[in-house]
Amino acid sequence: MKFLLILLLQATASGALPLNSSTSLEKNNVLFGERYLEKFYGLEINKLPVTKMKYSGNLMKEKIQEMQHFLGLKVTGQLDTSTLEMMHAPRCGVPDVHHFREMPGGPVWRKHYITYRINNYTPDMNREDVDYAIRKAFQVWSNVTPLKFSKINTGMADILVVFARGAHGDFHAFDGKGGILAHAFGPGSGIGGDAHFDEDEFWTTHSGGTNLFLTAVHEIGHSLGLGHSSDPKAVMFPTYKYVDINTFRLSADDIRGIQSLYGDPKENQRLPNPDNSEPALCDPNLSFDAVTTVGNKIFFFKDRFFWLKVSERPKTSVNLISSLWPTLPSGIEAAYEIEARNQVFLFKDDKYWLISNLRPEPNYPKSIHSFGFPNFVKKIDAAVFNPRFYRTYFFVDNQYWRYDERRQMMDPGYPKLITKNFQGIGPKIDAVFYSKNKYYYFFQGSNQFEYDFLLQRITKTLKSNSWFGC
């Protein structure tokens, strides 16, 4: 389950502040920026040296750039006016860029009929107004999905709505008026799905104070399994702002995200049980659709699932693709990583998606023909990036192309036959990835071939699922 917060920070920012400024105000802003980046962008403050490099080091600059890119700001790497203003804006406290170890697996409800109960009522509003605001917030999501929500007055509900102040039993205390607005938990048992609202805020039905309906729509999105969107028009965008509730609508991005988890309103069939539909990991006939590294992890894609294998560790976890990337399709057919850029490319049919820091980039998918493929190429079977040559190899049927990532163009003289230049590797490759110890791992059906690209020969034949201790 993912713990989520909304922060409402009232300080104001002024001036563009270089990271090496020595004034008290500038240092206060830098310290505030560090705390912000630690919370939302994974800045490891303990690793920063306790010197002026703390304020000018590349690590913090990179995190500022990461934040600016995600939130649609001009990427300067500095704590300039617009960046500080965004840092002080009302927002949700879940990190904008996740390290995968922090992500829950498959955070969706495995049923279409979900109950909620309002545990207690804020004195700021009439009970009827609270009931109406919460009911309408749930209705926003039921209008675009097959989900049905029912309010119960007693007993155990799937989602519990609570108004509380200070420490309230979940190890995530509220901090009084003007700080944390609310938090929620992702789908699951126990506290899973519950939404908590800070009683020290002044809850309202209008633009004054804090609008309960708008806050609840955002929090319920998290309760249903949605993360944040980088689309500023989306209700799931990290920052909070009031909009006219009479004309409020979910954005296209919100709708795509929630429907990727639950389908559209016409899909009233029971959600598949993952115990029945998840491929058996140690099935000797198991094959994969795509495989790629992501940092020190290996992702194995199959249908709507992926397995996550951390290098040198025996433990493996299986997740829904939609749990990490709600807007992406199932059935990923090829994938590769450029680790130095924190980029992953995912392919299906004649389209591809770009993932940066585990977040989908806007304005995707794009056509695979933008790489320079001829029109007769309709899909990519497999792809792999070699950092030694800074080239990506694309495998299609019995041929392969080589792409120069620096010049952003295909190398001349391609395509070439796979069998001619990859001795022992046959056509129709299912998946391939590169290992830092000089090997390609080619997957064909239930078999896997360790290939030394320096010696240009197969060095080992394995089962495709040998990475999992099968």
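Note that Cβ sites are derived from N, Cα and C of the backbone, with glycine treated the same way.
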Stretch carrying motif 'Cysteine switch' according to Swiss-Prot (options 90-97, 386-393, 402-409, 458-465): 90-97
Listed residues N20, N120, with the one flagged N-linked glycosylation site by Swiss-Prot: N20
Residue in E333, E339, E361, E450 which Swiss-Prot records at the Ca(2+) 4 site where D289, D381, D430 also bind: E333
Per Swiss-Prot, the candidate from N143, N285 carrying the annotation N-linked glycosylation site: N285
Local Cβ density at N285 (N-linked glycosylation site) - other Cβ atoms counted within 10 Å: 11
Mean of the pLDDT scores, which run from 0 to 100, over the repeat 'Hemopexin 4' (426-470): 90
For the repeat 'Hemopexin 1' (279-328), the number of residues DSSP places in helix, strand and coil: 4 helix, 22 strand, 24 coil
For the repeat 'Hemopexin 3' (377-425), residues assigned helix / strand / coil by DSSP: 4 helix, 21 strand, 24 coil
DSSP-assigned states of the repeat 'Hemopexin 2' (329-375) in counts, ordered helix, strand, coil: 7 helix, 21 strand, 19 coil
